[in-house]
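Worksheet: the structure to be examined is printed underneath.
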Amino acid sequence: MEHYISLLVRSIFIENMALSFFLGMCTFLAVSKKVKTSFGLGIAVTVVLTISVPVNNLVYNLLLKPGALGENIDLTFLNFITFIGVIAALVQILEMILDRFFPPLYNALGIFLPLITVNCAIFGGVSFMVQRDYNFAESVVYGFGSGVGWMLAIVALAGIREKMKYSDVPPGLRGLGITFITAGLMALGFMSFSGVQL
C-alpha cells in the first residue's frame, strides 16, 4: 500500500505532467483563462488518463509486448498507433457522455475536448507506463495521479490568470507573455519537490 501512495504523490507533485515534463501545454495555456472551464477540462483529462493508462497496459501486456502472443512474436512496432487508437476511442466516449449529460461543460470546452485525443500528456502517461513497466494496479494509480497533477496545475494557473485580469500588467506582456512567465514560475515551484525521495 505504501508503494501505491508513494507512486500517487510522485505522479501528482514530483513528476507533474504539465510542470515537470511540460506535456499538454497547448491546452494548458489555451484553456486556463477561467477556473470553471479549467476544472472541467482537468476532470476530463483525469478521467481519460485514469482509464487509458490501465487499458493500454492490458493491451500492451496481452497483445503487443514481446512474447505476449507467442515466443517469436513482437508487435511493439504497433505501440504508438494502438495507444492513440485506444485513447481516441475513450475520448470519443467521454465526449458523447459530456454532450448528453453536461452540455454547458461540453460547450465551454469546445474544440479542446477532441484535442485531448492528441494531448501529449495523455500519450506521455501511457508511454511512461510502458517505459517504467508498471503493472495494472500501478497503471491505475499512475494514470489517476498524473491526471490530478495536470488538473491541479491548470486550475492553479487559471486562478492566477483570473487574478491577473485586475493587475497592471505591462502592455507587452499581456496575454500569453505573462502566462508563460507565470507557468515558468509555477514550474520552478514544483521543482522544489524534485529532491523528495519516496
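For all residues, glycine too, the Cβ spot is worked out from N, Cα and C.
What Swiss-Prot records for 11-31, 39-59, 77-97, 110-130, 140-160, 176-196 is transmembrane segment, and it gives sequence analysis as the kind of evidence.
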Count the Cβ pairs between the transmembrane segment (140-160) and the transmembrane segment (77-97) that lie under 8 angstroms and are 6 or more residues apart in sequence, then report whether there are at least 3.
-> no
Listed stretch, out of 11-31, 77-97, 110-130, 176-196, that has the most CB pairs under 8 angstroms to the transmembrane segment (39-59) = 110-130
State the residues, same chain only, that lie 6 or more residues beyond the ends of the transmembrane segment (11-31) and have a CB under 8 A from a CB inside it; answer 'none' if no residue qualifies.
-> 37-38, 41, 45, 109, 112, 115-116, 119-122, 124-125, 141-142, 144-146, 148-150, 152-154, 157-158, 176, 179-180, 183, 186-187, 189-191, 193-194, 196, 198
Sequence-distant residues near the transmembrane segment (176-196) by C-beta distance (under 8 Å, 6 or more away from its ends) are 13-14, 16, 19-20, 22, 25, 28-29, 32, 153, 156-157, 160-161, 164, 169
